[in-house]
Amino acid sequence: MSLLQHVRPRPSDRDAGPSGDGPPALWTHLLPGVRAAGGSWLVVALAALLGWVVAPLSSVSWLQAVGVASAAWGLAHGLPVGLGRATLDVAPLGLTVLAGAVTARAVRRTLEQTHAAAPGTTWGPLVGRRIVPGFLAGYLAVGVVAWLTTLAGPARPPVWSLPLLLWVPLAATAWVLARRHGRGEEAPYVGPALDRAPRWVARALLPGVRGAGLLLLAGLLVVLVAVLARIGTVTGLQSALAPGAVGGAVLLVAQLLVVPDLAVWALAWLAGPGFTVAQGSTVTLTGAHPGLLPMLPVLGALPTGGDLPGALLALLAVPVLVGAVVSWLACRDLARLSSWRVKATTATAACGVSAALVLVAGLLAGGSLGVQRLAQVGPSAWLLALAVLGELLVGAALHVGVDRLLQHRR
């Protein structure tokens, strides 16, 4: 009997299914990825269908409307979208944020459910072998279906770019695992990597993310102030387009989706490099020469051509102040008697994380909106990131220096 028990095949996760005692099979992990990608895609597709239904005089079919929505969904993931001779590669960051939030929620729920169901210590290897690959495969499958619907419309990303969709679920997975590690929970791959890295790496991540959030919030405040200051011009442009009730609603939603892009542009203005809204136009702290603008009413909030007051250069202090806050967030959990070198290293790393995230935002928020004069709009992402990094480091240095001075006085 003991011999029979010894040679009897043992159940493995390969044989277990969704109703078995072991972890689910690979195919069951496709579904969370499908739901994550499908959730954000459906929001865009249903909005397009709603606009098509309430516009009975529209000359496009419902499938063409869905195709355009799918192209916008791909654009939000950073995919270049071809439209005739033009290439569009400015992501509507409102949709990007929506896709990231939906995906992060799906990843978190999937990890929690599989962690509760996995026996013993099998969950960690399962994450890398099945959970994440299955999730990515499901996400990509929705991307393929969405791409197929673009064939009915005038705009579509190239098929070779579809794997680029996966940066969203990969980033969401890394974020969720990093948060689990920060709470002291099991976080396969990410947790061991952070444990092997110098301590300042883990300490810098969350303050760096918060610093990037503060910078973008500052840019958003600039956008709101500018719109309120020139609300008459903005509403006048909206009325001049005479879009009607349905068109007005669509135009309003489109502008809301690019508000995060405008926040990145405003951050570039705050940080110094400025941005362009058409070829040959520049908007910086020292002057605004916007030229002919794209037909987007919210751009009426831009200052008219000419030099701007020199006092606006004081706004360069905003990223510096954020740098001091980032340094404080990164160093507050360190021992009070930690050396200034440790604090400076941790603060510098946190500032680097903030600048890296700003770089990503700049790459997504700038690019082409058409041909000729619209071939390049938005900020130069690399100049923006370098300027922000320098200003953050100045603020961090001030914080570490003041902290060291206060320690000596004690």
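Heads up, the Cβ atoms here are built off N, Cα and C, so glycines get one too.
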Range annotated as transmembrane segment in TrEMBL, from 13-35, 266-288: 266-288
Distant-in-sequence neighbours of the transmembrane segment (237-259), which means Cβ under 8 A and at least six residues beyond its ends: 47, 51, 54-55, 92-95, 220, 223, 295-298, 300
For the transmembrane segment (308-330), distant same-chain residues with Cβ under 8 A (at least six beyond the ends): 203-204, 206-208, 210-211, 214-215, 218, 270-272, 284-288, 343, 346-347, 349-351, 354, 387-388, 391-396, 398-400
Per Cβ pairs under 8 Å, the stretch of 36-55, 127-148, 212-231, 266-288, 381-402 packing most closely against the transmembrane segment (90-107): 36-55
Long-range Cβ neighbours of the transmembrane segment (160-178) (under 8 Å; 6 or more residues past either end): 33, 36-37, 74, 77-80, 96, 99-100, 103-104, 106-108, 111, 132, 135-136, 139-140, 143-144, 147, 187-191, 194, 205
Top partner of the transmembrane segment (342-369) among 127-148, 212-231, 266-288 - counted as Cβ pairs under 8 Å: 212-231
